[in-house]
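Asks: Before I ask anything, here is the structure I am working with.
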């Protein structure tokens, strides 16, 4: 565009020419005969022709299809169960056990609303079972939301604890006291409680032990999130700060039973703080460890999910659900990758055949034409 | 000359700054600048503001500044750093570069300004710093010193008042030029003398023309108490230019008239007008398209955002409230800031780094031209020069080549072939010391041996040639101290002249027995056949100019007879001849011209004393004129040069340059139309054209010359020709590319200057006749070769301009070596100068300079082709990679509530163009070779594959853009489906939005880099290093960027994101999958196109690939059979 370096013109001519008229200084101007300067560096010169690409296509096909099948089978073997807590459809919702609770729009209903959702498993869930809660139509990736946090505060920085970042507005201060943890993300922490009961054939309820540790990234829990130091007593540490507006209890009361899971390093909190990529998302809630004996982690049968329904989603037409899933090496149930691999592999294989035909029909023609010319 | 010479007002310079004696005109001290040269642009103080201002005048920089400011002012999704840092980087790099250059200039300026000069003051020599020199100071210059400013030569240490000067640093001509001291001050030879000198110089105000100067010196003398004033004209032969160096003269005295920035040299280094390449134009067009895309993207998103937000629960759900100030803002302001925010979010689609990369590519790439061994000329010791690197790729787009003949197609190394005196032909080829060998072999015109009268005119002819020239004899001492006389009859040239013809003639005369010895005390000495020295007093020289096309001298023989000898082109001599054997000579001249020889006619006129006096008077009055001197001189010459007696003609051969024919043939095969523009006469030029294979035997020649237009009206001739051409054209098959096959007739057109100017004359009152220009263009377009002869320099430029502005706007290239080609070199899209014998003006004004015509072949077919391929890929690739970069971000807006949430982390946004993907493409654009250069040279038709900017046409641009969009969709939705409501870690933990972006970005970087790898045809170790290195750099950077809690950042969102992503198997699998999907269509397209519709280039690639493989195969089969 408009820019150019008049290198030659500016620095070449003027000073030299106006300057010393050193005539007769005939320098040896012969250029160096190096491979680089003569643009003759030894080089590999591949060209993409049907002939050369063919094998690659077949190889890709042959590799991708088995991988795809493997992925697909793995994905199919994963057991997943979704329990809806809030329905979209009004008609169905009415008969939902949590209908009454879900009618609440506000955060501040004093008495907790509970409901129990029965469901049954057709087949036993082996190995570790992971329990997720899912929200939809919840824009955790909204820009205003994503940036509304103070990472140094969460990292235990004392200065940020007392005066949180401006990004946290309008959840920065309340009652002229700094909010800890500040920001919209923290403020909207998911606060339902889910409990799972197995109903024995004889009708008695057995609570299923839910483990609440190991749900957050190790690095988040141990490095990125830290309680402000100085005192083991979190109540003292967080003195002078205010709890987030929507919270019922302070940050140091998140899990009073376990000091290693309290305050900023509460794993539920950390999980929530990792903002989801898409408006429909799920977050890891609890882990059900497999039992030491051979019995399945969750045997088939009837279950009841006891929900302390606090989190209102109706206002934004959201949907709330609970997911139970087993996990393989490739994660949860997601047939996409397997199908994609199979498809791409087949397409490559097919293209390979097409190219083979083209190569046989036209490749020779080209070649002979070249020889002629 | 028709050159518009506006008479700017004069300046009066008082020598020695002394007041003129009373009685002369009033002394008005004038103020002149001091002799300080300022080539630097900046001072220490104004560097920052001025440089910044200059840089932000560039549109691209300004655009990014605006984006940066918007980011600073409003709340935008990305931090100002993302655009500020690259901008800062670009600006700083440029500023440092320019600052360094300016510092060098300052240094050079200081060195010059402080170098000592010797000034003569009050009869003493004083040392002074150069910058303190003032106009009017008398300075003393010693041998090998450089002139500190423009000076008028007053006296020299040589008796004859001459001095020798080399202007090597001005125009590269290393020959010594003679300058003359003012006649009346010649005698002032000591410092004291100058104390008594009272004189003033009136001259024009400074003008940039190096070769023109008009002035007058007024010398006041009041000897014998009589006050009188002499006037003496001053010309460029008295003016010593700053920058030239004194040679072979002990010392001179001279007076400063132009100083400092007013010297002709300083005035000459103003920048030329900028030329822009076609690639740059398409680049700008693409930019506008992308700007439109950018704006429409931002608009669409803004509108959708407000549609989406119409529901307050979506605009402000309970979990994501706005601040009060945000709420209170007016909706229009909000909408506008949202629009700007989207602009900022997508602004990377116009990459700041593209400009930097393009500039670097051009600048660095041009070194390959300079480094080219094959374009080095041993004889001259010169290599190709690049004066503007902006036009590199234009070399690959040339459609019309306009070439000069003399010195360009031909060697400009003249050899005397024969002369013809009154019809007798003398050929000096058998050099037998002065023996004349009448060319008995050739002409029937030769009668018996010449009679006594013939002998007399023969000798007169030889003397005429010995006298009528401006050749200088180089003194013995200058030739490395070896004493070699002219008498010794060695072939070594001791003659130097600005015109090689003259040297050839004088040398030819030497071989015929008449040796020109020297010019001494205004006497020319010649050694005749009897070894006697003849002395002629040189009275006047009527110098050569290209309008008159002749020169004359007036001499007085020892017997006191006045002669005027004139030599010149036949057309300028014959009309002025009154007697002599015109017919025979004319026939011989024409015969020689057909042979391709350069002919000159020689005539003389005997002057009586009265005639001589009159002549002198005429000349002097013209020379003394301050205004319009050139015109007056021309008139005077016209009056003097008449009533000639024709003596004879000479023929000088100008051999074709090495491989000129081969070069022209290659250029024509490459689809270029070659036009020869020459000042030479038609027959000679046509012969050269045949010799250089511009015209072939089969070529049908169309003539559009004065000869024909005399018979028919121009109108009819033009229509006849166009009919002939068009009939053939319409019958021809549409396959224009087979135009070279022998079966169809190709046409060659010859046009001369006079007819051309008639054609180009703006259509007169009878506009019904239509515009000749268009018919002429139509004819030219259908001719494979055109020869324009008898061209004035300006006409050459006119022709170029005519073709340039024809409807197809073809890319033109002009190549020439002389000053007369400068106008056409400047006019054409690409101007190439040949470092020839006729000085360096052409090379200096050109965009590229090459030592020989044959180098043009490699320049265009190899370098031009490469540069074009490289830069077109560079431009397309840049747009592609930025679409692929930004489009996912656009798609993401649909999933984040149009909230301008960036998909990628700030560091990725910033560094994508700066470091992750910049080096591979820069390197590609420097060293890519899609075909071996030997093949490119061998097969010029490959050049047609890239003609007409074919790699930057809209369909290809759209293909690249769609490829980018496709890739972006693959990246985005591939990741989307992977993330959609599922986990893909083996520990059940979830990933967030930054992992999503990082996944997309990783796929993006790999795909974009691998795409380039697929396009690379020439893998040197550097390519491997850079491509794999930059991928590795990305990985290492990401590991590092996510590996630490960065203390200075107020967010830690990337902490361990990349590493966590890599710890998941499906992430790896999906990265591989998405890369394969993104690259697949392009590979398939390439392979299928190559198989089904291969271009010539692709065929050759395959063929050369096979030929490099087949020898091996052949060997193997041989072994098998044995």
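Just so it is clear, glycine is given a Cβ too, placed from its N, Cα and C backbone atoms.
Heads up, TrEMBL stuff is auto-annotated, nobody curated it.
Quick caveat, the model's predicted, so the values are computed rather than measured.
Pasting the relevant annotations from TrEMBL:
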DOMAIN    B:29-83  domain 'P-type ATPase N-terminal'
TRANSMEM  B:59-74  transmembrane segment
DOMAIN    B:117-179  domain 'P-type ATPase A'
TRANSMEM  B:285-308  transmembrane segment
TRANSMEM  B:339-358  transmembrane segment
ACT_SITE  B:404  active site, 4-aspartylphosphate intermediate
BINDING   B:404, B:406, B:817, B:821  Mg(2+) binding site
BINDING   B:404, B:405, B:406, B:502, B:544, B:567, B:598, B:678, B:679, B:680, B:790, B:796, B:820, B:821  ATP binding site
DOMAIN    B:843-1095  domain 'P-type ATPase C-terminal'
TRANSMEM  B:907-927  transmembrane segment
TRANSMEM  B:957-979  transmembrane segment
TRANSMEM  B:991-1013  transmembrane segment
TRANSMEM  B:1025-1049  transmembrane segment
TRANSMEM  B:1055-1080  transmembrane segment
Asks: Identify which of the binding-site residues B:406, B:820 has its Cβ surrounded by the largest number of other Cβ atoms within 10 Å, counting every protein chain shown.
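Replies: Of B:406, B:820, the one with the most crowded Cβ is B:406.
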Asks: Quickly jot the same-chain residues contacting the transmembrane segment (B:907-927) by Cβ under 8 Å, restricted to those at least six beyond its ends, or write none.
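Replies: Contacts of the transmembrane segment (B:907-927) (Cβ under 8 Å, skipping residues fewer than 6 from its ends): 78, 81-82, 85-86, 89, 348, 351-354, 357, 360-361, 364-365, 368, 870-871, 873-874, 877-878, 881-882, 885, 997-998, 1001, 1005, 1008-1009, 1012-1013, 1015-1016, 1018, 1020, 1022-1023, 1026-1027, 1029-1030, 1033-1034, 1037, 1041, 1054.
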Asks: Which sequence positions outside the transmembrane segment (B:339-358), separated from its termini by at least 6 residues, show Cβ-Cβ distances below 8 Å to it?
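Replies: Residues packing against the transmembrane segment (B:339-358) from afar: 58, 60, 63-64, 67, 70-71, 74-78, 83, 86-87, 90, 93, 283, 287, 290-291, 293-295, 297-299, 301-302, 871, 874-875, 878, 882-883, 885-886, 889-890, 893, 900, 902, 909, 912-914, 918, 921-922, 925.
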Asks: Can you tell me which parts of the same chain pack against the transmembrane segment (B:991-1013), counting only residues 6+ beyond its ends and a CB-CB cutoff under 8 A?
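Replies: Here the qualifying positions are 877, 880-881, 884-885, 888, 901-905, 908, 912, 916-917, 920-921, 924, 967, 971-972, 974-975, 978-979, 983-985, 1027, 1030-1031, 1034, 1038, 1053-1054, 1057-1058, 1060-1061, 1067, 1070-1071, 1074-1075, 1078-1079, 1082.
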Asks: Tell me, which binding-site residues from B:544, B:598, B:817 are within 10 Å of residue B:404 (active site, 4-aspartylphosphate intermediate) if we use the C-alpha atoms?
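Replies: Within 10 Å of residue B:404 (active site, 4-aspartylphosphate intermediate): B:817.
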Asks: Report the DSSP secondary-structure composition of the domain 'P-type ATPase A' (B:117-179) as helix, strand and coil residue counts.
Replies: 7 helix, 37 strand, 19 coil
Asks: Using Cβ atoms only, state whether the transmembrane segment (B:957-979) and the transmembrane segment (B:1055-1080) have three or more pairs under 8 Å that are 6 or more apart in sequence.
Replies: yes
Asks: May I ask you to report the DSSP-based helix, strand or coil state of residue B:817 (Mg(2+) binding site)?
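Replies: Residue B:817 (Mg(2+) binding site) sits in coil per DSSP, no helix or strand.
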Asks: Can you name the far-off residues of the same chain, 6+ from the ends of the transmembrane segment (B:1055-1080), with a Cβ under 8 Å from a Cβ of it?
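Replies: Residues 966-967, 970-971, 974-975, 978, 984-986, 991-992, 994-995, 998-999, 1002-1003, 1006-1007, 1010-1011, 1014, 1038-1039, 1041-1043, 1045.
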Asks: Calculate the per-residue pLDDT averaged over the domain 'P-type ATPase N-terminal' (B:29-83) and state the result as an integer.
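Replies: A mean pLDDT of 82 is what the model gives the domain 'P-type ATPase N-terminal' (B:29-83).
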Asks: Can you tell me how far the Cα of residue B:598 (ATP binding site) sits from the Cα of residue B:817 (Mg(2+) binding site), in Å?
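Replies: Computed Cα spacing between residue B:598 (ATP binding site) and residue B:817 (Mg(2+) binding site) is 18 Å.
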Asks: If one looks at the chain holding residue B:821 (Mg(2+) binding site), which residues at least 6 apart in sequence have a CB under 8 angstroms from its CB?
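Replies: Expected: B:404, B:408, B:793, B:796, B:814, B:815, B:833, B:842.
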Asks: When you scan the chain for residues with a C-beta under 8 Å from the transmembrane segment (B:1025-1049), skipping those not six or more beyond its ends, what do you find?
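Replies: Result: 905, 907, 911, 915-920, 923, 998, 1002, 1005-1006, 1009, 1012-1013, 1016, 1055-1059.
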Asks: Nearest to residue B:817 (Mg(2+) binding site) by Cα, among B:544, B:679, B:790 (binding-site residues)?
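Replies: For residue B:817 (Mg(2+) binding site), the closest Cα among B:544, B:679, B:790 is found at B:679.
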Asks: Where DSSP helix means H, G or I and strand means E or B, what are the helix, strand and coil counts for the domain 'P-type ATPase N-terminal' (B:29-83)?
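Replies: Per-class counts: 29 helix, 0 strand, 26 coil.
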Asks: Around residue B:817 (Mg(2+) binding site), how many other C-beta atoms are within 10 angstroms of its C-beta?
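Replies: A count of 32.
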Asks: Round to a whole number and give the Cα-to-Cα distance in Å for the pair residue B:790 (ATP binding site) and residue B:406 (Mg(2+) binding site).
Replies: 12
